Amino acid sequence: MSRRLALALALLSPALASAHSFGRQYNLPVPFWLYAYGAAAALLLSFLVAGYFLRTGATGSGGATGSGGATRELTDSALLRALRRWRLPGLLRAASLAALLLCVVAGLVGSRNPYTNINMTLFWVCFVLGFAYLSALLGDLYARINPWQTLAQGLARLWPDYARGRLRQPERYGYWPALALYMGFIWLELFGHSKPPSLARALLAYGAINLLGVWLWGLRAWFRYGELFAVFLRLIALMAPLDIRRQDGCTRVYLRWPFSGLLQSRAEHGSLLVFILFMLSSTAFDGLRETVPWVRLFWTDVYALLKPWVGAEPALAYPRLSELYRVWQTLALLLSPFLYLALYLGCLWLSRALAGSQLPLRELALRFAYSLLPIALVYHLTHYYTLLMIQGVKIVPMLSDPFGWRWNLFGTAGWLRSAVIPDMGRVWHTQVGLIVFGHIVSVVIAHLEALRCFPGRRQATLSQLPMLLLMVLFTAAGLWILAQPIQSGR
């Protein structure tokens, strides 16, 4: 049959393109060329402005050196003293553990309908999305209320030898355990067709992995290197205006400039760099995988190459092709950060050559890694904030009926039942603005880091030309994905 018929079969099939964990986002096309040129111009202008106004950073005053510091300590403020008197940290830890247990119990015994069972909305929307954005505003709260860490600490009190760790020098493994779990988590989100019972079982399995990880790595090492949400949210929190840190046995809170935390430290291991790149590539892939060009790539071009093995009749070949399509999607997802890594290292190699620097490429790669985090954050926002806006409010009625059993515990079961339909024109212009803003922030952060790495302003500016091209490429790719019609259906 013809290629057109094969493509039609793919586009009409309900099994090819799954939504995010549940719910669906429909992307309206935007004039790609207009936004692409405008975004490129904005990035170029920001690069020129940064190159001119940030030149004092090369001397170590202001600019690169001063921008990363905390500006004001809030630990002894009246508000934080009151929160400590109310024992809020302990209450939040208990609440996070209760929320985890609620997700598990509701998934196991409650309704199988993801829109009436609280566990899907509470985990995927409120925690995975909402708590990430909260961390970008309030800092690393998760490190203080991590429910899996609370469970491990409780087990360590009962079994004192449990959390000491069995591996020698666990830090040598870097963040590879967290990256492996992150890849598995994203695969589950995109391809797992998660329902309340399967989510509950996944949370139980993840809890067992964490308890085993603490037994092998030790408590502190595992929750630094191995627990994926601890790593993910700690990276997001670097961009927050609040810096929550542990000093001298107590928790201290500082107010700082937004994004300045990206200049206070750097990635210490190559695995953390790949983790950051996967934050970028997995979100981009999530947007790409449902577009018509991506679907067409497999169901026309790749299918043409597979005809000798699967047959020329699409209807008969479909069962085998659907399995191969899942493998194709999985490989694309897992290999995506390494494609980004190749582009990133190539640009840094050119930066090093233009600056005439003798710094090792690996050191440059680690030093500039955090400059990619603003892009990762805005990618996350643009792809998912509508889901948070539409489905997140449903947590209010679900609190009164967590199991989907028609309860009304707090009198809110009838609230916010009407569908939230955002203005799509406003949504997409907001998305474009967020993408451009995130890339501009990344350009500025990268330039500030360049002023630290290279001896003069000229070398620092020249070194950022390849990075500017990379930012333009990322911007254009993000806008191109937004501009594509998507493949509807499951």
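In case you wondered, yes, glycine gets a Cβ from its N, Cα and C as well.
Checking TrEMBL for transmembrane segment across the ranges 198-218, 219-239 points to 198-218. For the transmembrane segment (122-143), the neighbouring stretch richest in Cβ pairs under 8 Å, chosen from 90-110, 173-192, 364-382, 427-448, is 90-110.
Contact between the transmembrane segment (460-483) and the transmembrane segment (330-352) is supported by 3 or more Cβ pairs under 8 Å, counting only residues 6 or more apart in sequence.
Contact between the transmembrane segment (90-110) and the transmembrane segment (198-218) is supported by 3 or more Cβ pairs under 8 Å, counting only residues 6 or more apart in sequence. Non-local neighbours of the transmembrane segment (364-382) in the same chain are 129, 132-133, 136, 235-236, 238-239, 259, 262-263, 265-270, 272-273, 276-277, 279-280, 283-284, 344-345, 348, 351-352, 357, 430-431, 434-435, 437-439, 441-442, 445-446, 449, 452-453, 467, 471, 474, 478, 482; each lies 6+ residues outside the stretch with a CB under 8 Å from one of its CB atoms.
Contact between the transmembrane segment (173-192) and the transmembrane segment (198-218) holds: at least three of their C-beta pairs are under 8 Å, each pair 6 or more apart in sequence.
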